[in-house]
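Peer 1: According to TrEMBL, the protein carries these features:
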| type | residues | note |
| --- | --- | --- |
| DOMAIN | 240-509 | domain 'UvrD-like helicase ATP-binding' |
| BINDING | GLY261, GLY262, PRO263, GLY264, THR265, GLY266, LYS267, THR268 | ATP binding site |
Amino acid sequence: MAKLGIYKEFLRDFSKLERSVQDRVEDVFAKFEQATHAGLHLEKLRNALDERFRTIRIDLFWRGVILAPESGDTFTLLKVLPHDEAIAWAERRRASVNAATGRIEIRDVAAIDATLPDLVRHSATTSELLFKHVADVDLARLGVDEQTLAFARALTHVSQLEASEAFLPQNQWHVLYGLAAGLSPEQVWAELGAAPTPKPYDTEDLAAAVKRTPERVVLVDGPRELMEVFRHPFALWRVYLHPAQYEIANGTFGGPARVTGGPGTGKTVVALHRAHHLARLGSGPVLVTTFTSTLSASLEAGMRLLADSAAVRDRVEVRHVDQLSYQIFAERHGRPAILRDKEEREIWRRIVKRLDVSFTETFLAEEWRHVVLAQRVTNAAEYLAAKREGRGRRLGTRQRAELWQAIWEFEEELKRRRVWTHETICIEATRLLDERADKPYRHIVVDEAQDLHPVQWRFLRAAANEGPDDLFLAGDTHQRIYSNRVSLRDVGIRVTGRSSRLTVNYRTTAEILGWSLGMLRGEAVDDMDGGLDSVAGYRSQVHGYPPELRGFRTQKEELDALQRKVREWRDMGVEPEEIGIAARSNMLADSAVAVLVEAGMPAHSLAKAPGADGMVRAGSMHRMKGLEFRCVAVVGVGEHAMPSSSAVTPLEEDAVTYVQDLQRERCLLFVACTRARERLYVSWHGNPSPFLDGFTS
Ligand SMILES: Nc1ncnc2c1ncn2[C@@H]1O[C@H](COP(=O)(O)OP(=O)(O)OP(=O)(O)O)[C@@H](O)[C@H]1O
């Protein structure tokens, strides 16, 4: 029985075809088997470079280009174009099997032939060759074939490589681009996501190569599946993953595994695919979780898109971690009374006064969260012995005793009043789970792992038995926006040797990404596993406009300019819901909403509702996590607002926490800026934030 594959690139074009042509394409391919009976309706090309390219009639005017292997019956639809263009497109190209990855590649031979002579001439005049540092044998090992090698050897600048993306064979282009970005051949190999093969691939077997290329070709099992693919051409990520992403999402791991990577590298997409893969295995319930309700709502929406059957959907639960611990707590003890932030501060304040200790209530609250709860300290002796890494203020024994007294009184008061915080609920829920042999989940997938607190990690650890594929973490410590720091080992989660890193950004333009990364340069950021994380190799293949930076004298002038900027974007055809506005405070975000609404542009605050189509969305930088927009305005980036003084521990109180708080504020601005797909606008009034030093003139 003939099997039909659809080429990813075609799906982008498909959504742009007129509805009537789309309908014809669907008709022809729904009946593909009859249409191709004995290959009768697949026409050969007169001047083919590759005999395996054929065309098929869609209607009088349109033709489809099909790759038809010599043996086997897996046909791949590559393109639908007006008649003459379809013939010309097919006659210029050749399909091949990548020797290193075994995957299918298509190149535009005519474009390579037309470009090469000029490149060769130019390269003869300079010694600045782009791949001078890479040996032929390494390139060959990475699957670069003879024709691409000749091309690579003539390149002198990365812009020439970027310009050739449309016509070089895809895997080989990615290899070259990775090497040009400074990755080593080993790193490039890891990125290819290709498992080393003991036997070289058969480069003649096109049908096998098509099956090995799920990130470029979706194989459909029948007309129903075909219609599904045509119906959701925008949800490309649902079906397609980069090979490196595919390997991670579908791999088998001996224990906890994780994926890291810069903003927009597809970590969330991989996490969702991973959950889907695990659910399909049917080995037990899968939990998908993260640390806020906004994020878990967007994970839930993603999961709904991805899960193709009710049975698979039923095996996956999407919950944010506090919601889950609350539920487990409530099942045993009933609904807990929660201590509000304000009430908590009040208790600490009273204790400081009563005991006359030389610490502020903020210091005490942080000591309780980041030392006592994080390390499960339950008595004075344990507290005296506790590690205080990450806390800068050195404490003598007498001070520790004084602090413990304050913390003990705080905990006693919680008990007396029978009130709970999210952390204490989590600790009790962990205890309840530890008592149970039957754990609620077989697999747990955690997104935005960098922001979970150690008590949440212990809770998740207790919610699934240890074993293969038990935990899967996705996160980026450069995007940590809360103060939680964790060593995964300390909470019993060992990911060493099962950690992968993604580096290609699919969201943001190279200009916006490069500028945003500039803000983090020189920051030493941990990797949650005893080492340091790095931003090396993060890149985007899409180019666009550089960020626009604007300073104003007053807030009113700044907000008026924002309103004009949003109008300009709207006039360019950007839909309201594709515009996001980020501010350090909810208050400023609300002011931005008010200004837009007054100017007749519907807008709403993310703090109040998740938002609807037809409205610009504005929110705090924290709320921006997990979202993305075509155009983003980050406002209020002035010296007094960013870093926010109320969020930074005074230097004299604790030098280490001061540095960490500053870094977190910097990362917060980084997160807000990297939500932009095409346009980024950053503004302030008064003097700019010190985080913009070197970027403003
Ligand atoms: N292989 C891919 N091909 C095309 N688009 C992709 C691919 N992988 C991810 N994307 C798209 O890139 C964007 C970013 O993906 P995602 O949100 O998963 O990244 P992330 O690493 O979790 O980002 P962040 O850490 O900034 O929140 C999304 O629009 C997603 O659909």
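One is the number of the first residue shown, and numbering goes on along the chain from there.
Placed from the backbone N, Cα and C atoms, the Cβ positions cover glycine too.
Keep in mind that what you see is a predicted model, and the values were worked out from it rather than measured.
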Peer 1: Determine which residues of this chain, when GLY261, GLY262, PRO263, GLY264, THR265, GLY266, LYS267, THR268 are set aside, have a Cβ within 8 Å of the centroid of the ATP site's Cβ atoms, and list them as they appear in the sequence.
Peer 2: ASP476, LEU502, ASN505, TYR506, ARG507
Peer 1: For GLY261 (ATP binding site), what is the secondary structure state per DSSP, taken as helix, strand or coil?
Peer 2: strand
Peer 1: Express the predicted model's confidence over the domain 'UvrD-like helicase ATP-binding' (240-509) as a mean pLDDT, rounded to an integer.
Peer 2: 90
Peer 1: If you count Cβ atoms within 10 Å of the Cβ of GLY262 (ATP binding site), leaving out that atom itself, what do you get?
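Peer 2: Looking across every protein chain shown, the total is 30.
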Peer 1: Check the DSSP secondary structure of GLY266 (ATP binding site), expressed as helix, strand or coil.
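Peer 2: Its secondary structure by DSSP: coil.
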Peer 1: Including all protein chains displayed, how many Cβ atoms other than that of LYS267 (ATP binding site) lie within 10 Å of its Cβ?
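Peer 2: 26, counting other Cβ atoms within 10 Å of LYS267 (ATP binding site).
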Peer 1: Select the most exposed residue of THR265, THR268, where exposure means the fewest other Cβ atoms within 10 Å, treating these as the binding-site residues.
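Peer 2: Result for the binding-site residues THR265, THR268: minimum number of other Cβ atoms within 10 Å at THR268.
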